[in-house]
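Asks: There's a structure below that I have some questions on.
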Amino acid sequence: MEQVEILRRFIQRVQAMKSPDHNGEDNFARDFMRLRRLSTKYRTEKIYPTATGEKEENVKKNRYKDILPFDHSRVKLTLKTPSQDSDYINANFIKGVYGPKAYVATQGPLANTVIDFWRMIWEYNVVIIVMACREFEMGRKKCERYWPLYGEDPITFAPFKISCENEQARTDYFIRTLLLEFQNESRRLYQFHYVNWPDHDVPSSFDSILDMISLMRKYQEHEDVPICIHCSAGCGRTGAICAIDYTWNLLKAGKIPEEFNVFNLIQEMRTQRHSAVQTKEQYELVHRAIAQLFEKQLQLYEIHGAQKIADGNEITTGTMVSSIDSEKQDSPPPKPPRTRSCLVEGDAKEEILQPPEPHPVPPILTPSPPSAFPTVTTVWQDSDRYHPKPVLHMASPEQHPADLNRSYDKSADPMGKSESAIEHIDKKLERNLSFEIKKVPLQEGPKSFDGNTLLNRGHAIKIKSASSSVVDRTSKPQELSAGALKVDDVSQNSCADCSAAHSHRAAESSEESQSNSHTPPRPDCLPLDKKGHVTWSLHGPENATPVPDSPDGKSPDNHSQTLKTVSSTPNSTAEEEAHDLTEHHNSSPLLKAPLSFTNPLHSDDSDSDGGSSDGAVTRNKTSISTASATVSPASSAESACTRRVLPMSIARQEVAGTPHSGAEKDADVSEESPPPLPERTPESFVLADMPVRPEWHELPNQEWSEQRESEGLTTSGNEKHDAGGIHTEASADSPPAFSDKKDQITKSPAEVTDIGFGNRCGKPKGPREPPSEWT
């Protein structure tokens, strides 16, 4: 392919890269993220080591501790001076068109490295020095002044003497003629000082940059000696100037390769100098500057009568876009963003971000007509950095659609369980879905979605187990009838029931992915009658994973589920209670509720406690109606009894018409007045303070039975609690073992707290002026 065609294709490619993609980003940002990803890989995997710059004697010679010269391309100083005999300077060689040492990319000299800087200039016979920063920027010193001002006396950095013979002011830059003297020998060199390039940014116009580079090459056309280019760190602005000059030399020689690509050029430069072209704006500037050079070169070809070369070779922008799409199909899909439990300052974000690899995106589904409940496409109205708009993709019938719950549960999993059958089956669509939220900063989220987090996402409950000495070692199996949960009011309980069902579904999907079971297909849009809260089920050592149920989503035996024998191990008790809770949740019907699309990256505690999400439970004070509680006496090692509470449904206390427990109904107590307090017995105080004696294993049961009978409750036979909808059937032949007795007692929301039993019963609770019949 001839040079004219190559130049035209590049210009059209740059124009196509300016158009935003479906995420609102242009291709410059996508490519630059890939460059940062590669640089992070170089640093973390030590592909290009920087051992010399990390030495203790050289650390003070680095302006920035994270910008160190690569060992394989660093500039070594052999010229010795009385005060400096080290061979280290923070500088690297960058190869040019004709030689491997066309440029010296270095940092702005420090006060203690000015002599090293002049040693390098003298040793390598440098004639051109390009300075792309000011001495001070944003109130900080970016470079030590290593030259004298024009008209002032020469300055000496022993054994070097520098004087300024001339200074010429140009648009945005200066040209100074410096005279360098060393050991009765003098050399004349030229400094091109660009003064209008902001740090980590780009100038408003790059015409003066091209003018400076063009004039620089008039002073030195060859590459026999290197050109020294520096800014403050010697990587961002320095790399941009090197890339433009390198391409310009290729253009002058007519050697622009057919596969010329700025991405590959800068990637190659980054293997020679750390972080060459440091920002996305600088990366775009290089593209635009090179495209302008190519346009001027095309005009020269046309002026010289080369129009016949261009006949019939026009390539439209649409054709260029199609070629870019074909290139996207050859590259791997992007990986989902990973979260980290502890953020690290500095360049840690480079390590966390995944490369936004190009990949074809299926067509976006149009939003459905407005309904009574918000759908996924209407949760966020604005698509910006902190409120990314989720996008649903169309899947072919033969593919398994991506499961929204499973995809985001995988991203929020702190244990990093990503290798499963689900990932291999739905890899393509899941990764597309994750790619669209990659710009969300970690641990940041919209404050408008804070509210009551218990109503938005499910949480695993960490249960403090009782001491092994308290658990009855002769405990026997007990039967629990797990009937369907009875819901009196759909509008009050639909949110909680759907949250429970989806929490079990997320836990079940995690277990099925480990066993490599077949994944049932999931539709792109959930039907309205099946929508519920998306929950994130986190499994840790305290949270037992339920056994996978049958595919229809119900327990194999809904009416007779036998509990396992309570073991003396503390964690086993918690696992069994969590197992019982999950079975009750599983039997609850799915009700109509709004779909809450929660971003796992916005989770306040997704990775803060090593797999436990109980932090949000304690932070958000809400009324929790529990349907299962276990009370056991404390051992001598604990100061208070441990009370296990497993929340089954979440309801606000102020909601009118909340069903009361069976105890309240039997006592014929109205909604306005709380139930009468039971009479206090000495044993209730002894339980919280005194050690356990062996003969008390049966005594507390008898006392507790008497107290419950006074409230209208029975401890044997069949009980029916309307508040939780749980039928408890106590075994008749089982001895009254108090420590492992699972009394299904449902308290009103106002009475449930997270403190121990002894602390709750230490002082009677109630109104400040109780009724007379209470005393």
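Note: Cβ is positioned from N, Cα and C throughout, glycine not excepted.
Swiss-Prot lists ASP199, CYS231, SER232, ALA233, GLY234, CYS235, GLY236, ARG237, GLN278 with the feature substrate binding site, giving similarity to another entry as the kind of evidence. The phosphoserine feature in Swiss-Prot is assigned to SER331, SER467, SER550, SER567, SER596, SER603, SER608, SER613, SER673, SER748 (among others). Per Swiss-Prot, region 'Interaction with TGFB1I1' is recorded for 344-437, and the stated evidence type is experimental evidence. According to Swiss-Prot, the feature phosphothreonine maps to THR569, THR598 (among others). Annotation comment: Swiss-Prot describes 692-711, 766-775 as compositional bias 'Basic and acidic residues'.
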Asks: What whole-number value in Å do you get for the largest C-alpha pair distance within ASP199, CYS231, SER232, ALA233, GLY234, CYS235, GLY236, ARG237, GLN278, the residues recorded as binding substrate?
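Replies: That value is 12 Å for the farthest Cα pair.
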Asks: Need the DSSP three-state call for SER232 (substrate binding site) to compare against my parser.
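Replies: In three-state terms, SER232 (substrate binding site) counts as coil.
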Asks: Applying the rule Cβ within 8 Å of the centroid of the Cβ atoms of ASP199, CYS231, SER232, ALA233, GLY234, CYS235, GLY236, ARG237, GLN278, what extra residues of the same chain belong around the substrate site?
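Replies: Neighbours within 8 Å of the Cβ centroid, excluding ASP199, CYS231, SER232, ALA233, GLY234, CYS235, GLY236, ARG237, GLN278: ALA132, CYS133, HIS200, THR238, GLY239.
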Asks: List the same-chain residues at least 6 positions away in sequence whose Cβ sits under 8 Å from the Cβ of SER232 (substrate binding site), in sequence order, or say none.
Replies: ARG63, GLN107, GLY108, CYS133, GLU137, LYS142, CYS143, ASP199
Asks: By the count of other Cβ atoms within 10 Å, pick out the sparsest of the binding-site residues GLY234, GLY236.
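Replies: Comparing Cβ neighbour counts within 10 Å for the binding-site residues GLY234, GLY236 gives GLY236.
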Asks: What is the total of other Cβ atoms whose distance to the Cβ of ASP199 (substrate binding site) is within 10 Å?
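Replies: The answer is 18.
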Asks: Which residues does GLN278 (substrate binding site) neighbour through Cβ under 8 Å, counting only same-chain ones at least six apart?
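Replies: Those within reach of GLN278 (substrate binding site), by Cβ under 8 Å and sequence separation of 6 or more, are HIS200, ALA233, CYS235, GLY236, ARG237, GLY239.
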Asks: Would you mind pulling the DSSP three-state label for GLN278 (substrate binding site)?
Replies: coil
Asks: Mean pLDDT for the region 'Interaction with TGFB1I1' (344-437), as a whole number?
Replies: 45
